[in-house]
């Protein structure tokens, strides 16, 4: 939730606020918001139910009604009691910020934000395992852009200062 509020405050006031360091908790909060928005759990449960269902798909039963109410309440509780409609409005405003260079939709896959260009990238596209998420991530495009600059124009890194 804090991730989205920081982005919108920079946009509204024109002057960028000091950039807050992203944490693993921010990443998991972001993933929970997106999963609830896309109703990933209900989609996954719908597939499981359809695979194990022996009755015809057109049959009207009360289990489908109870299923939808359960999935709605579970996604609502996953958000910590926040209104999902409010989150949808925030996601619509910030939709252009949640993009990967592969140009594929989120599709339930976890993403990580580049700390330099603030672009969201799928973990699979960045070749990062879920068990090994770095605290500070720089995408390959930002790394490459640093190396294409002339050596005299590059910013000195802290490592060089420490080694001298």
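The count begins at 1 with the first shown residue.
Heads up, the Cβ atoms here are built off N, Cα and C, so glycines get one too.
The following features are taken from TrEMBL:
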- 52-61: compositional bias 'Polar residues' (COMPBIAS)
- 62-77: compositional bias 'Low complexity' (COMPBIAS)
- 99-143: domain 'Zinc finger PHD-type' (DOMAIN)
- 1-20: region 'Disordered' (REGION)
- 51-79: region 'Disordered' (REGION)
- Averaged over the domain 'Zinc finger PHD-type' (99-143), the pLDDT of the predicted model comes to 85
- On the DSSP side of things, how many residues of the domain 'Zinc finger PHD-type' (99-143) fall into helix, strand and coil, could you say? 8 helix, 6 strand, 31 coil
